[in-house]
Amino acid sequence: MSARGPAFGLLLLLLCPVQVFSQSCVWYGECGIASGDKRYNCRYSGPPKPLPEDGYDLVQELCPGFFFGNVSLCCDVQQLRTLKDNLQLPLQFLSRCPSCFYNLMNLFCELTCSPRQSQFLNVTATEDYVDPVTNQTKTNVKELEYYVGETFANAMYNACRDVEAPSSNEKALGLLCGREAQACNATNWIEYMFNKDNGQAPFTITPIFSDLPTHGMEPMNNATKGCDESVDEVTGPCSCQDCSIVCGPKPQPPPPPVPWRILGLDAMYVIMWSSYMAFLIVFFGAFFAVWCYRKRYFVSEYTPIDGNIAFSVNSSDKGQAFCCDPLGAAFERGLRRLFAQWGAFCVRHPGCVVFFSLAFIVACSSGLVFIRVTTDPVDLWSAPGSQARREKEYFDTHFGPFFRMEQLIIRATNNQSHIYHPYPAGADVPFGPPLSRDILHQVLDLQTAIENITASYNNETVTLQDICLAPLSPYNKNCTILSVLNYFQNSHSVLDHQVGDFFFVYADYHTHFLYCVRAPASLNDASLLHDPCLGTFGGPVFPWLVLGGYDDQNYNNATALVITFPVNNYYNDTEKLQRAQAWESEFINFVKNYKNPNLTISFMAERSIEDELNRESNSDLFTILISYAIMFLYISIALGHIKSCSRLLVDSKISLGIAGILIVLSSVACSLGIFSYIGVPLTLIVIEVIPFLVLAVGVDNIFILVQTYQRDERLQGETLDQQLGRVLGEVAPSMFLSSFSETVAFFLGGLSVVPAVHTFSLFAGMAVLIDFLLQITCFVSLLGLDIKRQEKNRLDVVCCVQGAEDGAGVQASESCLFRFFKNSYAPLLLKDWMRPIVIAVFVGVLSFSIAVLNKVEIGLDQSLSMPDDSYVMDYFQSLSRYLHAGPPVYFVVEEGHNYTSLKGQNMVCGGLGCNNDSLVQQIFTAAQLDNYTRIGFAPSSWIDDYFDWIKPQSSCCRVYNSTDQFCNASVVDPTCIRCRPLTSEGKQRPQGEDFMRFLPMFLSDNPNPKCGKGGHAAYSSAVNILGNGSGVGATYFMTYHTVLQASADFIDAMQKARLIASNITRTMGLEASSYRVFPYSVFYVFYEQYLTVIDDTIFNLGVSLGAIFLVTVVLMGCELWATVIMCVTIAMILVNMFGVMWLWGISLNAVSLVNLVMSCGISVEFCSHITRAFTLSTKGSRVDRAEEALAHMGSSVFSGITLTKFGGIVVLAFAKSQIFQIFYFRMYLAIVLLGATHGLIFLPVLLSYIGPSINKAKSLATQERYKGTEREQLLNF
């Protein structure tokens, strides 16, 4: 017994390993039909069987680990074919990461073919099956337990969890796990793949996870590969996109700039407040010190505190003139004589002057027949040579212009959500109001009705089919419609499709929707429905483009549906463009009139903004006409000086006022005509702004000229022409000063690269110059004729009628306004106690404006361009409220890159083996920082999808063996073979000739159920193949910006995209190359101006001020200090304009910049006349000279430019257009009020303090000029 015991124990030890590791199967071959085309496996408990040789290729392809010895397996060739077919979906999504796919294949190869199945597979249910061919009874395996090691399951999940699905910009597991990728883990992923309710598994397989033997079973716990490990010597680890371990730590955006604060308060406020307080202390300290000094040493308390002792031309202190004084006096004398002689000539020969003036007007205005009006927004807002324009031109010529867009945003009026209960188990899923089946049917009816809209153009019918974007045409002529209904193939029957029985609904539109939002490119929804998600047009419909109002990525919570009809745009083809516009017009009319109580619709067509702008302009035309009519009426009445009712029609100057207005309008017409002759296009902003500007300048000059004459007395022996010549000699230098300085400033403003400012400056400069020339010629002649009419007592307007003689005649007189300025306003303003208050208030306002200077917003809210009652306003509001994706952005690689070399491919691709700083990888990284970069999604990459498409493991790339022509994956033909062999070399990326040989096939391949990677729909326009097929030209990689609402968002998005592209160009080493990478989005051409608008503003206003300074210092006779004071005052007006812009919510853009340039010119009118009058005054003190200048010129400036413009501006407040209310009413009102207050209040006070000393040479010249006349006594008081 003792000998037999050890022998028996030894036998047990020898038998145990054989029992544990023996090779035994649980099935072999396929038997009965499970469901649809899916079959059960046949129960088999014997040893593995040798695989027939015709299956060797398959086992090498799918399960190379089993290809050894006599290849004895537990599966036959048909099971391998079934395995390959069933793995096509995971192959398309997970093969990007070889380690992930290797582990997955391990799981399924062990399940299907492992020669040791019985160790970890336990059959739990079978049924008999009679083979109809052999009539043999076999046993189907209906249910199975699969024992899987937890270590293996977790390692497989970890290797796959980061893998991207580029076509949907989702994690691939979100498409393969039956739930969101975030909720997916190792166990529920494997459970879902083995659940027959997923539509793919033929029967139920229950996975049991354990690392220890359980119930006598040894779990399958094969070795795995991490995503950062290579599967073999040839294949590298997964890319950074698909494996976060490879990437290292997630990049962090730079911290936002720290606000500039002092003591916790805004630094600008603190600095300007402190500066203002310091100024007040110094200023009032000096004021009271001088006041005390004067009280102590001077008897009279009314002696001016500026210390400028009265100087008279008759005083004994003649003194010596400064070196520049005689030069200035000589220049002034020369201008007086020149204009006096010219004025006398015009009065003596009115017919000749008026005739030649009319001839000049007609000749110049005739150029209007060649006028070209620029209405294209691109030309209006973007300079032809700008970076955005060059990039747009490159994109349009290589890929075609960006499509036109017709879009609807639809909400359900019933806000009730509903709950979906998944079968057989799972958390309840809420669905938003518009995702109820009934609402979807109604929306589909609307969508179909829009598809059937017809329009007429040139007696031809235009349908959506004629103009729409159909990427697969002519194979598939379906229009691209980005709509959630395309998940249901735009079909009522598919929407109603469901699978169930009397008790339960296993799958319906809810199931399909939840799958499609995760896999929009899928051709089989992997549920019991088996409906495709791919749109009928052959491309994916991304959920973020067709759903709105959801939270995070819970698309089922959507509160709005978005339907977009992309329409072809045309590059330089007006005929086709107008056909599209004709259909859009019918589309707008249809949706406007569409009624459905269950739907609320916001919509816009491509032409909507232009249509609404035209409607807005027409609706505000009446308001504008009233504005100008009020100004014209005021001018006509205010020019006359009525002394008595009996002489009302004699002393009125209605005809002269109308003539002056016509001269102003003629100067505008001449300017337009001259530039039309030379081919400079006109913009709408010129038409809107220049009449206002020229009217301001022209009216001011008219009032100064006429009122100076009215206050003048004809000298003894002086004729009318001599008197008017002398008057013109007095005022024309001032008119010339203001007009010429404005002209030079505007012409220099033409150097601006901002199209609106450039065009405005050219037209404005010419109009102001012509207006001045016509005023000193034609208007002077007409004034002489009107005075002759008045002297002959003839009625105004009807000059052939003579009024009654009253003996009064034409006498010099002072108007009420002049007397008010002279006797009340000027003395009050220049009181000793008033002047410091004025200085303190204006410096305070200036300090405030400087403090908010950097807070003025940049940009232009597009909704401001729309009328308040426009349907587009509702669309803009819905756009910002519901949409979750911004405009598409294309990262363009210009022609020149070598895609056929491995190095060139690694620079751009994002998959296996690609550089960690490749183009696609950098955009992917940017999308992870979407709040900072404003890149919302990973890019669609044609080159990565091409590499997946051409893999020999895939069924996508095949050619006919006999002809070497492309064979689509849907074709069943034994002569179709793989494009590349299933060898180590064949599995590598194609290079050189291979790359170019198969690329056209990829770009022409339409997606189908057997291959969803065909690139025709997605990439046919993204890749330019050179004419001879030798290489790849320009290409693009598309993604989307995040939702952009405010102008600041658009500007920042463009800046960040350019920064990314610049970094890509640098990392690719293309700085010295002939090509580069640049981003393009349709809005860049409109928002690029804002990148430099601050610099443009400084440049334009600086050039204008510089020009005004130079011209003024020359024309004012080298009065340098007076010029400095005038320019400082104008600069204060401009700075205060920014303060008003901040207070009134006016942003800085091309429109407001044009207004600022214009305000610079108009400010000259408010300041130059008074400054020049101050320098010419011969009164003793600065206070007296300021008072005289304000009395004589201030009244004309106030009655001319101020009251004229104020009356016209107030009417603009009633305009319907928001852009008129904000950029014209508000800014024009600010220009006039700030100009008037600075010119008529601040400037005289400033001159009274620090104005230049009297020009002694000019005062002596004045004495000589009036010696012996009645005016001599006026100079000596």
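Each residue, glycine too, has its Cβ placed from N, Cα and C.
What Swiss-Prot records as N-linked glycosylation site, among N459, N557, is residue N459.
The record in Swiss-Prot shows differing topological domain names for K653 and G886, meaning opposite sides of the membrane.
Per Swiss-Prot, the N-linked glycosylation site annotation among the candidates N572, N1028 falls on N1028.
Considering N415, N598, the record held by Swiss-Prot lists N415, annotated as N-linked glycosylation site. As annotated in Swiss-Prot, C25 shares a disulfide bond with C74, one of the listed residues C74, C75, C97, C100. If you go by Swiss-Prot, C979 shares a disulfide bond with C957, out of C957, C967, C976. Looking up C63 in Swiss-Prot gives a disulphide bond to a cysteine among C16, C109, C160, identified as C109.
When averaged over the topological domain 'Cytoplasmic' (1167-1194), pLDDT in the model lands at 87. Each residue contributes its Cα atom, and for F108 (site 'Important for cholesterol binding') and N41 (cholesterol binding site) those atoms are 14 Å apart. In the three-state DSSP scheme, N41 (cholesterol binding site) falls into the strand class. Neighbour counts of Cβ atoms within 10 Å were compared across the binding-site residues N41, Q79; the minimum falls on Q79. Its Cβ placed at the centre, F108 (site 'Important for cholesterol binding') has 17 other Cβ atoms within 10 Å. In the topological domain 'Cytoplasmic' (1167-1194), the DSSP tally of helix, strand and coil residues is 23 helix, 0 strand, 5 coil.
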